[in-house]
Structure formats: C-alpha cells, structure tokens
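J.: This structure is in structure tokens; I'll ask about it shortly.
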Amino acid sequence: MSDYVLRMQGISKEFPGVKALDNIHLNLKKGEIHALIGENGAGKSTLIKVLAGIYRPDSGEIYINDEKVVIDDVASSKKLGISIIHQELSLAKNMTIAENIFLGSYPLKKGFAVDDKRMNEEAAKYLAMIGMEHFPPDRKVASLSIAQQQMVEICRSLAGENRILVLDEPTTSLIAEEVERLMEIMRTLKSKGVAIIFVSHKLNEIFEISDNITVLRDGQYVATEKTAEMTTDKLISMMVGREIQDIYPPHETNIQETFFEANHISSDRVHDVSFHLKKGEILGFYGLMGAGRSEIMRALLGIDKAQKGDVILDGRKIQINSPKDAMKEGIVLAPEDRRHEGLILKQTVDFNITLPILGELIKGIRMNRKKKDEILDTYAKRLRIKTSSYDNKVGNLSGGNQQKVVLAKWMATNPKILILDEPTKGIDVGAKQEIYKLVYEIVNMGVGVIFISSEMPEVINLCDRIYMVYEGKINGEISRDEISETAIMKYTIGGNENE
Amino acid sequence: MNKERVQTKSQNPVMIYIRNNLGMLIGLIAICILISLLQPNFRTVKNMFNIMRSISITGILGFGMTMCIIINGIDLAQGSVVGFTSCLCAWSITNAGLPFGAAIVISLAAGLLVGVFNGFFLSCFPLPPFVVTLATQLIGRGLCYVITRGNMINVDASFGALGNGYFLNVIPIPVIILLVLFLISMLLLSKSKFGRDVYAIGGNKEAARFSGINIRKVTWIVYAYSGLMAAICGIISCSRVTTGQPTTGNAMEFDAVAACYLGGISYLGGEGRMGSTLLGAIVLGVLANGMSMLQIPWYIQNITKGLIILIAVFFDVMRKHRVKE
C-alpha cells in the first residue's frame with residue numbers, strides 16, 4: 001500500500017469549445033500541504049470541482065487510499081471525507097453561522113428534528129478554534145463582513161472527520177492576521193494527518209506553508225515539485241510558460257501628452273487612488289481578482305458611490321456623476337462581465353452596436369437607416385466582426401466576436417478614453433491576439449486605453465505603463481522599460497519598495 | 001476582526017414571535033380597536049371564530065405557499081386544485097356512491113398528485129415555477145368542468161358536518177384543521193432537517209448543492225405538500241356548501257400569496273416563518289370581516305386590501321434595504 005490518500009490520474013474534462021483539463025495528475029499524501037497553482041483559467045477550480053463531485057471528468061481515475069472511487073455527486077465526495085472551501089463564498093446568508101457550518105448535515109434528535117442546542121454548542125467549539133469565539137453561533141451570516149464569512153466557511157470544513165481538505169483561494173479577502181490564523185489551523189490539521197490542497201495566487205503564502213507544488217497551465221499538467229527546491233522565478237516561469245512573444249504583435253507607439261487626470265478617488269473599496277492617462281497610451285491596471293481594479297473605474301464613472309477630487313480632461317475640470325455623464329465626456333467602459341453588463345445577448349449585432357448612439361440615429365420616430373448602415377459597416381469591418389449578417393443574435397457568436405461587438409459598440413461613440421475591463425477573459429488565444437491588434441489600432445487613433453487585467457503576460461506585453469492595484473490602493477507604477485514579471489509580482493502580492 | 005458584543009435577546013419563542021412580527025401585530029391590534037369602536041358586534045367570541053373560519057382556507061393554502069416562496073418558487077395552481085379536489089370529492093360521493101372516507105382519501109391523493117406533477121417539472125428540469133404552475137392551474141380548472149360537466153354536483157347534507165360543524169359546540173372544525181396543520185407545518189419548517197434544507201435552497205442554491213443537499217427531492221416535496229394543502233381546502237370547501245362547483249377556489253392562490261407577503265415572507269425567498277403567514281391571513285380576515293360589518297362595499301374592500309399589501313411589502317423591502325447597507 002502506498003502512502004497516498006488521494007491520487008488523481010489522467011483527469012480530463014472538456015466543456016463545449018474548451019479543453020478545461022487535459023490529462024491532469026495530482027497525488028496527495030497524508031499530512032501533506034500541497035499547493036496547486038496556475039494562472040486564471042489554468043484549470044485549478046475545474047480540477048477541484050471534479051474532486052467535489054460537481055463536475056464529472058470525461059476520463060481519468062481517482063483513488064482514495066489506493067481504492068478506486070467514482071465521485072458522482074457532492075454527497076459521495078463528502079462521504080469520502082473530502083471537504084472543500086470553494087472560491088466563491090457558498091454560504092446561505094439568510095441562515096445562522098451554526099446552520100451554515102452544518103449545512104445539509106445538521107445534528108438531529110430522534111432522526112427528525114434539528115438539535116439546535118447541540119448544533120450551536122458544536123459550532124461554538126469550531127468558532128473558538130479559529131478565534132471567532134465572541135461570535136454567537138445563532139447570528140445570521142448576512143450580518144458578517146466578507147472576511148468573517150470566509151472564516152465561517154473555513155470553520156465549516158473543520159466540522160466532521162475530513163481526510164482531505166481543499167482550500168480554493170481562501171485568503172483573497174482575509175487580512176494578514178487572519179491569514180496567519182488560517183496558516184496555524186492548516187498546520188494543526190496537517191499534524192493530525194489531514195491532507196490539504198491549497199490553491200492560492202499569493203506566492204509568499206505558498207512558500208510559507210506548502211510541502212509540494214503542482215503547476216497547471218491552460219488546462220495542462222506542468223509539473224509537481226518540492227517547495228523547498230523551488231524559487232519564485234522558476235515558479236512564475238512555469239506558470240506563464242508559453243512563448244508569449246508570438247501572441248503579441250509588434251506595434252509602434254505614439255504616445256502624446258497627458259490629457260486625463262483623476263485625483264483622490266475613494267469609495268467603499270477604493271482608497272485614495274489618483275492616476276493619469278496620455279493620448280495614445282495603453283495604461284494597464286494589474287491586480288488579482290478582487291483587488292479593486294474594477295471598483296476604481298466604477299467609482300470614477302459614478303456607478304458606485306464615491307468621493308472624488310478633481311477629474312481633469314483636456315485641461316478642463318469635469319463632473320462625472322453617472323456613466324451617462326462619462327459618455328458625454330467621451331469616457332466609456334466595456335465592463336468585465338460582457339455577457340451580463342456589456343451585451344444584450346438575445347438581441348442582434350445591429351441592436352447592440354447602435355444601442356449607445358440611438359439618440360443620433362433616431363430623429364423623432366424616423367431612424368436614419370443610411371447613417372446606421374454606414375456606422376455598422378465602418379465598425380464591424382474595422383473590428384473584423386465575423387458574422388454572416390448584422391441581424392444575427394449576439395448570443396450565437398463566439399466569445400472573441402462578442403468582445404469585438406462590445407468594442408464596436410463603444411468605438412461607435414467616438415470615445416476619448418476607452419476602459420476595457422478584462423477584455424480577453426474566457427476567449428481563446430487566437431481571439432485574444434485579434435483583440436490586442438484592435439487595441440493597438442484604437443490607441444493609434446489617439447484614444448487613451450485603460451486596460452484592466454489579471455493576466456500578467458498580457459499587461460507586460462501590451463501596456464505602456466502599469467498601475468499595480470492591491471486591496472483598493474495603487475501599490476506601484478511601472479513604466480514600459482521597467483516592466484518585468486518579478487517587479488509586478490512583488491507589488492501585487494502586497495509588498496512594496498520600502499520592504 | 002472586530003470584537004463584537006454578544007447580544008442577549010430573549011430566547012422565549014413567544015417573545016421571538018412578537019419581536020419578529022411586531023409591525024404586523026401592532027397593525028392588527030390597531031385595526032381591531034378601530035373596528036370594534038365603530039361596530040361593537042365585532043368583539044364577540046362568535047365573530048372571532050367566524051373570522052378564523054373564514055381564513056381557514058387562505059391560511060392552509062398559505063402554509064403550502066410559504067414553503068414554495070421560501071425556495072424561490074410559487075404555486076399558482078393552488079386555487080384550481082381546490083376546485084378540482086372539491087369537485088372530485090362531490091363526484092365520488094354523489095356519482096360514484098363512495099363513502100365519505102373514501103371520497104376524502106381520493107381527493108387528498110388527487111391533490112397530492114397534482115403537487116407531484118408540478119414538483120416533477122420543477123425539480124427535474126430548470127423550468128420557471130410561475131409558468132409551470134400557471135399551466136397546471138389551467139389544466140386543473142379544466143378538469144373541474146370535465147368532472148362536473150359544467151354543473152354543480154350536490155352532496156348529501158350530512159357531509160356538511162366537516163365544514164359547518166363545531167368542536168365542543170364553539171370552535172368550528174375548519175379552525176381545528178387550520179390549527180393542526182399550522183402546528184405540523186411550523187414544526188416541519190422550523191424544526192426538521194427538511195425545513196433547514198428549504199431555507200438553505202432559498203438562501204443560496206449553490207451553497208445547498210455544494211453541501212450535498214438533495215435539491216431535487218426537497219423541491220419535489222415542497223410542491224407535493226402545497227398540492228396536499230390545496231386538496232384539504234378543496235374537501236373543506238365541498239363540505240361547507242355541500243356541493244362541488246367548478247368555480248370553487250378561483251384565484252384563491254392570490255389570497256395565499258397575499259397572506260405570505262403581508263406576514264413578511266421574503267419575496268426573494270430564503271426567509272419567513274409559518275407564524276407570519278398565519279398572522280398575514282388573520283389580518284386579511286379581520287379586514288374583510290370588519291369592512292363587511294361596516295357595510296363597506298366589496299370593491300372598496302379590494303382597494304383597501306391591495307393598498308395594505310403594497311404598504312406592508314414596501315416597508316419590508318425598505319427595512320431589508322437598510323439592513324443591507
């Protein structure tokens with residue numbers, strides 16, 4: 001008998017159009033903390049969902065204690081002693097802390113009634129383990145902060161006899177002190193023989209706690225190495241891996257004067273952010289998911305309540321209280337979630353592109369068809385949207401083409417500043433390349449582009465200047481000639497130059 | 001992490017009930033005082049039981065509806081299930097010549113079956129509850145006319161004891177049924193594992209799924225329960241007027257929904273208690289009874305009812321909005 005509690009062998013999973021996992025291996029020993037890393041979209045979460053019984057793999061085998069198992073559903077995964085903390089909070093906020101800890105498997109009296117007293121007592125024990133003893137277990141989860149909710153989630157995984165614990169980015173919204181406590185809990189569990197899979201973007205945490213590291217990239221297995229034999233540089237190059245130069249076409253930059261300035265923006269999740277933008281510049285905002293990149297833009301455009309200092313465009317102070325004001329000034333945002341916020345999927349290409357400029361096209365009840373067709377032709381052609389007709393529904397286009405429709409829609413408004421929030425998320429490499437080319441073309445027309453991304457190779461190769469965002473603040477600024485992966489990593493995992 | 005004060009609130013269930021429903025209780029008492037000042041007959045014990053009897057059907061339907069709303073659904077078929085089962089009950093007794101007991105069992109089974117039918121579509125396929133139960137509503141209403149051929153079916157007067165009789169000569173039997181079903185529904189929702197699963201699904205379906213809760217099974221039971229409640233109401237209706245009429249129960253599901261919302265069941269699902277629904281039904285009953293006694297025409301009663309529901313939901317939503325911020 002080998003000493004592996006879990007062996008996942010040759011796991012593959014395909015979604016329509018995407019090979020999410022391709023022949024992945026993961027071996028886990030008793031009492032081991034195993035870090036699983038990779039860029040966004042590398043397949044970490046998919047692999048974990050396979051283990052959780054949420055997805056069924058197309059091929060591959062899973063062994064628990066050398067016994068071959070089939071994980072059909074969540075219940076069978078739980079029965080095998082696998083406990084998972086998912087990336088998105090999965091709490092029922094309408095219920096109490098104790099109910100959430102025992103969700104679906106509450107202690108019962110006489111097999112029928114939920115034993116609230118015992119449940120609360122047990123929950124209090126677990127809460128004490130993670131330093132939340134001053135929280136009454138019958139308190140509603142909705143009244144807790146996000147970090148506290150995350151701790152409740154961790155608490156949930158302590159309940160029950162679990163052999164394997166999976167933490168999918170548990171530290172994203174925790175403060176340093178809480179992360180430290182979590183590390184302590186992980187060490188305690190490890191000493192009790194629990195095997196832990198730890199997914200994190202924060203390399204310092206991985207080096208601090210893990211025994212082994214498995215790297216995934218684009219759904220492929222890269223390698224498994226001992227943490228002690230790893231270096232940050234080696235790890236990052238394994239994560240990024242691909243020949244990135246090929247994807248990014250060469251381009252000429254024509255950066256002119258600074259024409260936009262935003263000073264002292266603050267909101268709930270943004271803390272005193274100031275930045276400026278030059279004509280013809282691609283300005284990157286890099287940070288991990290949830291770092292507050294989108295929130296800065298939402299605050300700037302008046303979508304979220306915010307306090308702002310002077311906002312200056314072309315030497316003139318402007319007032320932006322809503323996205324509509326921003327549009328009038330020529331500042332437009334293509335939001336991150338293009339399927340919900342950027343497009344109306346059930347409507348046609350025509351409908352979507354002309355939506356922001358209907359005011360110009362319709363006079364009274366008459367639609368200026370000639371002008372409309374002109375605009376459609378210009379932008380659909382310029383952005384190389386592949387569709388047999390403008391009457392096709394946007395929902396039927398590929399992800400890359402959908403993103404082009406979003407770009408066309410905003411370019412048709414003749415913007416001065418185009419803000420792109422994760423424009424290449426969820427589209428394939430070929431389509432990404434197209435989008436990059438279009439971004440170059442757009443800046444060459446003298447537009448300033450703000451490019452928000454959490455993909456490092458993208459910002460490194462595309463942007464002329466990068467702001468690093470961390471916990472709602474700008475943590476550093478790097479210009480073209482200083483851009484490197486290590487420089488960026490250093491800023492985005494919380495460090496700064498003074499350290 | 002903030003040190004937060006442990007709140008010491010009373011754990012007495014009566015106190016909890018009063019605390020959770022304070023607004024509605026004050027409203028109810030205010031309405032009662034107002035009506036009794038204008039119309040002294042309102043205050044009699046007999047009238048109180050009359051009110052309770054008048055709301056027994058709304059209340060019972062409300063218990064089923066509460067569970068549907070908590071899991072983010074709705075059961076629009078309830079009213080027509082009341083009609084269908086009441087016609088079926090009358091038909092079984094008069095046309096088929098079955099004993100009362102058998103007729104009741106058949107009707108209950110029929111109601112349960114309709115619930116299972118709804119539950120099948122809603123738990124096995126991602127169909128919207130509004131549409132599925134609307135379709136069932138039409139089917140059910142159609143069946144009423146199939147059974148009765150569009151006429152009324154008269155039932156032997158002795159069957160009327162169920163709907164018109166009294167327990168110990170004071171408490172109407174439908175009120176007893178209402179209270180028993182209230183007790184069962186309340187225990188089921190607030191004490192059982194099933195009840196917690198209902199709240200979990202309503203609060204966060206993904207979380208429930210990740211926790212290994214059998215969403216399909218719970219959804220199915222919820223709609224079956226709602227169908228069963230409607231069947232009980234159908235039998236009471238049939239007995240009350242000792243006839244089976246194809247129009248029975250028309251639009252009654254909306255009274256049940258009104259009772260739920262008025263009581264404070266969250267329209268977003270995940271929240272609410274049986275006690276609140278019962279209170280909502282009582283408020284509706286008191287309003288209807290009081291306004292009738294004051295000889296306010298029925299159309300004005302409808303306007304008043306509509307406004308009160310709007311105001312109640314308005315305050316509920318505003319309160320939640322504040323809590324959120």
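Yeah, the Cβs are placed from backbone N, Cα and C, and that goes for glycine too.
Those TrEMBL annotations? Automatic predictions, nothing curated.
What TrEMBL shows for this protein is this:
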| type | residues | note |
| --- | --- | --- |
| TRANSMEM | B:21-39 | transmembrane segment |
| TRANSMEM | B:51-71 | transmembrane segment |
| TRANSMEM | B:100-122 | transmembrane segment |
| TRANSMEM | B:129-148 | transmembrane segment |
| TRANSMEM | B:168-189 | transmembrane segment |
| TRANSMEM | B:220-242 | transmembrane segment |
| TRANSMEM | B:302-318 | transmembrane segment |
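Each of the listed features needs to be described in terms of its position in the shown structure.
T.: Same-chain residues lying 6 or more positions outside the transmembrane segment (B:21-39) and placing a CB less than 8 Å from one of its CB atoms are 262-264, 275-276, 279-280, 282-283, 286-287, 290, 293-294, 312, 315.
Note on the transmembrane segment (B:51-71): residues 78-79, 82, 129, 172, 174-175, 177-178, 181-182, 185, 189, 198-199, 201-202, 218-219, 222-223, 225-230, 232-233, 236-237, 252-253, 255-257, 259-260, 263, 265-267, 269-274, 277-278, 280-282, 284-286, 288-289 of its chain, located 6 or more positions outside it, place their CB under 8 angstroms from a CB of the stretch.
Long-range Cβ contacts of the transmembrane segment (B:100-122) within its own chain (Cβ-Cβ under 8 Å, at least 6 residues beyond either end) map to 73, 75, 77, 81, 84-86, 88-89, 92-93, 129, 132-133, 136, 140, 159, 219-232, 234-235, 238.
Nonlocal intrachain contacts for the transmembrane segment (B:168-189), taken as residues 6+ away from its ends with a CB within less than 8 angstroms of a stretch CB, comprise 45, 49, 52-53, 55-57, 59-60, 63, 66-67, 70, 161-162, 195, 198, 229, 232, 236, 240, 273-275, 278.
Nonlocal intrachain contacts for the transmembrane segment (B:220-242), taken as residues 6+ away from its ends with a CB within less than 8 angstroms of a stretch CB, comprise 56-57, 60-61, 63-65, 67-68, 71, 73, 75, 77-79, 81-90, 104, 107-120, 122-123, 154-157, 159-164, 174, 177, 181, 194, 198, 248-249, 252.
Here the transmembrane segment (B:302-318) has Cβ contacts under 8 Å with residues 23-24, 258, 261-262, 264, 266-267, 283-284, 287-288, 291, 296 of the same chain, all six or more residues outside its ends.
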